[in-house]
Amino acid sequence: MGQIVVSGLIFGCVYGLAALGLVLIFRTTGLVNFAHGEMAMVSSFVAFTLLSSSEFSYYGAFLAAIAFSALFGVVVFWVLIRHVSQASHLNQLVMTLGVFLAVHGAAGLIWGHTPTSFPRAVEGKPFSIAGVFITPNEIFVLVTTFILSMILFVLFRYTRVGLAMRASSQDLIAARLMGINVNAVFLVTWAAGSVLGGIAGLLTAPFTFLGVSMMFNVLIMAFAAAVLAGFVSLPGAVIGGLMIGIFGNLVSYYWAPEMALVCTFALIVIVLYIRPQGIFGEAQTMKKV
Amino acid sequence: MKRIFFDRRLYVSLLVVLLLTFPFLMGQSSYFMGLVVTMAIYAIAAMSLNLLTGYGGQVSIGQGGFLMMGTYSTGIISSTLGFPIWVALPAAGVIAALVSLVIGLPAVRLKGHFLAVATLGFGLCIPEIALNWKSVTGGYSGLPLMRPEWASSDLAFFYVILVLTFLVTWMLMNIANSRLGRAFLAIRDSEIAAAATGINVAGYKTIMFMISAFFTGLAGGLYAYWVQYISPNDFTIMASFFLLAMIVVGGLASIWGAILGAVLFTGIPHFSDAYVGVTNLVIGVAVVLVILFRPAGLVSLVGLIKPGEKQRSRKKPTEELPVRSLEEADNA
């Protein structure tokens with residue numbers, strides 16, 4: 001039981017990080033990014049390509065991949081998303097679906113469809129804490145998630161950039177009139193969101209093998225976590241991710257691995273039926289009729 | 001001359017004649033008949049989704065789930081329970097509609113992205129349930145299905161599907177232009193305003209979900225009869241993604257847009273399947289380009305659309321004007 005909860009917690013960290021990126025982008029720009037997982041997948045492949053060229057150490061490749069995901073996010077925003085920022089939500093959603101399909105197809109052409117193994121961040125034998133076995137790599141995942149969510153929380157709450165992000169999410173026009181460069185804020189948001197996704201991808205790859213479809217499941221679970229968080233709460237996204245990770249792991253152990261997804265979404269529907277704004281969301285008031 | 005050129009009846013009758021003679025033009029090739037059948041089935045599903053999303057403003061990323069419900073319901077009713085086709089097909093639609101009630105009940109309360117994720121979950125769960133409920137669905141091995149004797153050849157069943165597609169198109173067009181369709185449009189444009197004019201928003205949303213699921217389930221049933229085998233891999237979540245892309249690329253709130261999108265997206269794999277993965281790349285790029293340069297969909301290029309419909313599918317100008325003028329001020 002304890003073992004299942006702990007390994008669920010590890011998956012939950014990855015879901016939480018991916019969800020954090022989704023929520024960050026949604027909160028600030030009002031767009032749900034379906035291509036989040038696929039962009040992260042590309043970053044993991046970039047790290048893999050750098051590693052196999054053997055000029056890079058693991059951490060060098062890790063940092064380069066993070067830089068790449070920031071750049072990727074910025075490019076996707078500037079070239080594509082910026083132009084639909086005034087379009088309807090449906091058009092925005094289908095735009096990111098299009099990016100999802102295009103990136104998925106392109107990655108398949110470049111890196112092939114055979115999954116390969118990806119090195120862990122920290123090698124080492126599992127050791128036992130209070131009867132629960134845990135590997136150093138899993139501790140690395142936990143610590144990374146904790147540090148990243150703290151950094152993001154501080155950034156969002158206490159810095160000028162964070163203030164600008166919150167202002168832009170509240171009222172775009174007012175933010176502009178107050179002298180905020182909204183486009184720059186959105187760029188930073190997309191960069192930060194993609195970095196969070198990219199790190200989630202780099203952490204996922206050792207568990208699931210590196211493949212073009214590896215992030216799909218993570219994306220779905222991140223969506224579930226984001227919905228649980230009401231799509232607006234940053235700490236909620238991490239907590240939602242952890243909850244979903246543990247819940248899914250319990251279901252797959254005590255029932256069937258395939259039912260984890262079904263039960264997770266049954267849970268989501270029940271939660272949404274009781275609280276349509278999610279657990280951590282606030283009741284929405286209609287701004288415009 | 002101009003009037004003949006832009007007469008939509010002319011094009012519709014040409015299309016009907018082309019479709020009716022299609023098997024003979026192609027030398028009764030099963031492959032090309034299959035391509036047209038797939039287009040027809042996706043067209044029905046896309047039109048139903050367009051009723052829900054384009055007219056009603058309710059985003060669903062789980063329509064593939066209803067298609068799959070349709071295939072399995074048809075298979076179980078016809079093959080396992082031994083009912084004839086004229087029972088199995090409507091029953092498939094009714095079962096999908098009843099299931100949509102279960103997903104639609106919470107969905108009535110949900111908006112925008114929450115609804116999208118809830119329906120996404122539905123589209124993901126149906127294939128998983130089909131795989132795991134082995135005693136009923138046959139799991140990985142799927143279910144066999146026999147066509148009725150009077151339509152056992154591909155050619156005969158091709159015409160069955162064609163006639164039913166015409167019928168469904170006609171029905172959906174009528175629904176879209178009826179009191180129901182106008183209520184859906186009102187709900188899409190503003191739920192509060194719709195409720196204020198006496199429209200039962202929750203009721204109409206439920207009806208919307210049920211109509212859309214009914215016809216999608218029917219389309220799934222037709223597909224099951226066409227391939228005569230039900231597999232858990234037929235309508236995965238990708239089918240749901242493609243359906244949504246079809247209506248946006250084709251044109252929201254337009255029956256012709258849905259048909260155009262379905263034909264296009266079913267046609268692209270026919271040309272691009274030579275390489276694995278190219279299909280996704282081509283479709284993805286096509287979707288991105290259309291949204292960037294033709295946000296109202298490809299149907300806005302064609303003169304087929306009625307002026308009235310064009311006005312309806314136009315976006316609400318009120319929300320955008322202030323921001324747009326600010327942007328212009330920036331550029332100036």
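Placement of Cβ uses the backbone N, Cα and C atoms for every residue, glycine included.
Feature annotations, reproduced from TrEMBL:
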- A:6-26: transmembrane segment (TRANSMEM)
- A:33-52: transmembrane segment (TRANSMEM)
- A:58-81: transmembrane segment (TRANSMEM)
- A:93-112: transmembrane segment (TRANSMEM)
- A:139-159: transmembrane segment (TRANSMEM)
- A:171-193: transmembrane segment (TRANSMEM)
- A:199-220: transmembrane segment (TRANSMEM)
- A:227-247: transmembrane segment (TRANSMEM)
- A:253-274: transmembrane segment (TRANSMEM)
Positions on the same chain near the transmembrane segment (A:93-112), where near means CB under 8 A and six or more residues out: 31-35, 37-39, 41-42, 45, 48-49, 76, 80-81, 84, 87, 212-213
Intrachain neighbours beyond the transmembrane segment (A:227-247), with Cβ under 8 angstroms and 6 or more residues off its ends: 5, 8-20, 22-24, 26-27, 32, 145, 149, 152-153, 156, 221, 263-264, 267-268, 271-272, 277-282
Chain residues in Cβ proximity to the transmembrane segment (A:199-220) (below 8 Å; excluding those fewer than six residues from its ends, i.e. six or more beyond): 10-11, 13-15, 17-18, 21, 34, 36-38, 40-41, 43-45, 47-48, 62, 65-66, 69, 104, 107-108, 111, 113-121, 137, 141, 144, 148, 261
Maximum Cβ pairs under 8 Å to the transmembrane segment (A:139-159) - stretch from the list A:6-26, A:58-81, A:171-193: A:6-26
Same-chain residues at least 6 beyond the ends of the transmembrane segment (A:171-193) whose Cβ lies under 8 Å from its Cβ atoms: 21-22, 24-25, 28-29, 33, 36, 70-71, 73-74, 76-78, 81-82, 85, 152, 155, 161, 164-165
Positions whose Cβ lies under 8 angstroms from the transmembrane segment (A:33-52), at least six residues beyond its ends: 18, 21-22, 25-26, 58, 60-62, 64-66, 68-69, 72-73, 76, 93, 96-97, 99-100, 103-104, 107, 110-111, 116, 118-119, 193-194, 197-198, 200-202, 204-205, 210, 212, 214-216, 218-219, 222
